[in-house]
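Database features, via Swiss-Prot:
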type	residues	note
DISULFID	Cys149-Cys163	disulfide bond
DISULFID	Cys222-Cys223	disulfide bond
CARBOHYD	Asn45	N-linked glycosylation site
CARBOHYD	Asn233	N-linked glycosylation site
SIGNAL	1-21	signal peptide
TOPO_DOM	22-240	topological domain 'Extracellular'
TOPO_DOM	326-513	topological domain 'Cytoplasmic'
TRANSMEM	241-264	transmembrane segment
TRANSMEM	272-290	transmembrane segment
TRANSMEM	306-325	transmembrane segment
TRANSMEM	514-532	transmembrane segment
Amino acid sequence: MGSVLFAAVFIALHFATGGLANPDAKRLYDDLLSNYNRLIRPVGNNSDRLTVKMGLRLSQLIDVNLKNQIMTTNVWVEQEWNDYKLKWNPDDYGGVDTLHVPSEHIWLPDIVLYNNADGNYEVTIMTKAILHHTGKVVWKPPAIYKSFCEIDVEYFPFDEQTCFMKFGSWTYDGYMVDLRHLKQTADSDNIEVGIDLQDYYISVEWDIMRVPAVRNEKFYSCCEEPYLDIVFNLTLRRKTLFYTVNLIIPCVGISFLSVLVFYLPSDSGEKISLCISILLSLTVFFLLLAEIIPPTSLTVPLLGKYLLFTMMLVTLSVVVTIAVLNVNFRSPVTHRMAPWVQRLFIQILPKLLCIERPKKEEPEEDQPPEVLTDVYHLPPDVDKFVNYDSKRFSGDYGIPALPASHRFDLAAAGGISAHCFAEPPLPSSLPLPGADDDLFSPSGLNGDISPGCCPAAAAAAAADLSPTFEKPYAREMEKTIEGSRFIAQHVKNKDKFESVEEDWKYVAMVLDRMFLWIFAIACVVGTALIILQAPSLYDQSQPIDILYSKIAKKKFELLKMGSENTL
């Protein structure tokens, strides 16, 4: 029981001494704020100007919303001023030279963000202020600001944006509060490095290139007094890897697909389908672009220009493809090829485009040697052994007589005896026998045609010798000749028809090859001219966030140590 009582007394004494551990600070707080009015500007004379120094320490660049044109930042708003009512002698208060007090208990300058975009113009988290015995007050509250930032999408996604944050007193004019930058000199209102980046966390989307600040003194038409403000500028350069991989490379690939349309054969029937598919793909990219950039009419973004250029190429390729297909399926029935078209697209352009048309294979007129199995040596005067009947019949019907050499070939091919054609011709003065039926037999023809002779020769001789047999045989022969002529003419017309169709197809192929080269050159040149006009591609300046940020330096040192340990 005694030990428990001792412990309770010890704890009570400990808390009692702890509560009175800093009586000087409590006494100082009571003395400073007992008669303090936080609503009155802390100056000895109402005409005196109170100098307020302000700075900005950037912690994070949270977001740059292109579509809504809002920049979200996490900053510390550093403010300093002198309050003559908050001075004391440290010797009178046990050597206490600084005091932390709630900011709600002292006078604060009403500094707000002019270009605010979400309704909170001032600091929302009221942290404590630090009071120095000289009367100096330091207040560094954190804040998350959403400020309006005019987005310039001309070179998107290879763009640089300059956003600003404008701070100033909302009610006090320049005669009451003299607003200055923490690093400002007496002879200049411009500060080269106006934002402190020591505690900045590197952004994965933006590089900070410049952070100047400028102090402005403006006169408005409503008032005679000047109003002071400080503008903090942030020049941001986009890291383009994300948009290059997800937008630029797919767009370039789709644009070059329009070139392959002309390499696709016209007979495949897929040329128009490929063009329409490319147009639909470009439409999807247009929708993605419209979701990213603000709906501005001031300028067309770089990626939008490239998509428009690609869409024009694809649309033109559709028109050209339709024309090429029209040429490919032309025929002699509907179109006649002009001489200049034949000369230009069949003779001249193929040589320039390195197109070689396969030559047509001519049919071999000579028979193969194995056909002439029964004929070894033809006499040089074989043409004189021509049947009289063939001469006369050919003269009557305009059919050329079969040369003797061909007769020997026919005999060899058909297994007909060669001596069937080797008989001497009948004399023209040979008397015609009567209409006796016995005379039409092969043996009755004066023995000139042997039984082993070909039937055609026997029939020809019989027709020549017999007037009765001549007329019906001539009529049948005439019908046969007319049929043969019709078939031959039909085959000839068909070959000519197919030849003209092949010429049109060849012209279409030449057009395809010509437009393939034209569109390939247009795609390469257009891509280079549009993409390479972005100034940031040639800007070799290094971002300053890596130079000033202690967090970034520490991170790089850790990465370097890790890589060295790995090696």
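Each residue, glycine too, has its Cβ placed from N, Cα and C.
Annotated features, which come from Swiss-Prot, shown on the structure.
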residue: Asn45; record: N-linked glycosylation site; Cβ within 10 Å: 6
residue: Cys149; record: disulfide bond; Cβ within 10 Å: 23
residue: Cys163; record: disulfide bond; Cβ within 10 Å: 22
residue: Cys222; record: disulfide bond; Cβ within 10 Å: 7
residue: Cys223; record: disulfide bond; Cβ within 10 Å: 9
residue: Asn233; record: N-linked glycosylation site; Cβ within 10 Å: 16
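Note on the transmembrane segment (306-325): residues 251, 254-255, 258, 261-262, 266, 271-272, 275-276, 278-279, 282, 285-286, 289, 300, 508, 511-512, 515, 519, 522-523, 526-527, 530-531 of its chain, located 6 or more positions outside it, place their CB under 8 angstroms from a CB of the stretch. Taken together, the residues of the topological domain 'Extracellular' (22-240) have an average pLDDT of 92. Cys222 (disulfide bond) carries neither a helix nor a strand DSSP state and counts as coil.
Considering only the recorded positions Asn45, Cys163, Cys222, Cys223, the residues lying within 10 A of Asn233 (N-linked glycosylation site) on a C-alpha to C-alpha basis are Cys163. Within the same chain, residues 158, 248, 252, 255-256, 258-259, 262-263, 302, 305-306, 309, 313, 317, 320, 324, 349, 353 sit at least 6 positions outside the transmembrane segment (514-532) and bring their C-beta atoms closer than 8 Å to a C-beta of that stretch.
A distance of 22 Å separates the Cα atom of Asn45 (N-linked glycosylation site) from that of Cys223 (disulfide bond). The two recorded residues, Cys222 (disulfide bond) and Cys149 (disulfide bond), show a Cα separation of 27 Å. DSSP assigns Asn45 (N-linked glycosylation site) to coil in the three-state reduction, placing it in neither a helix nor a strand.
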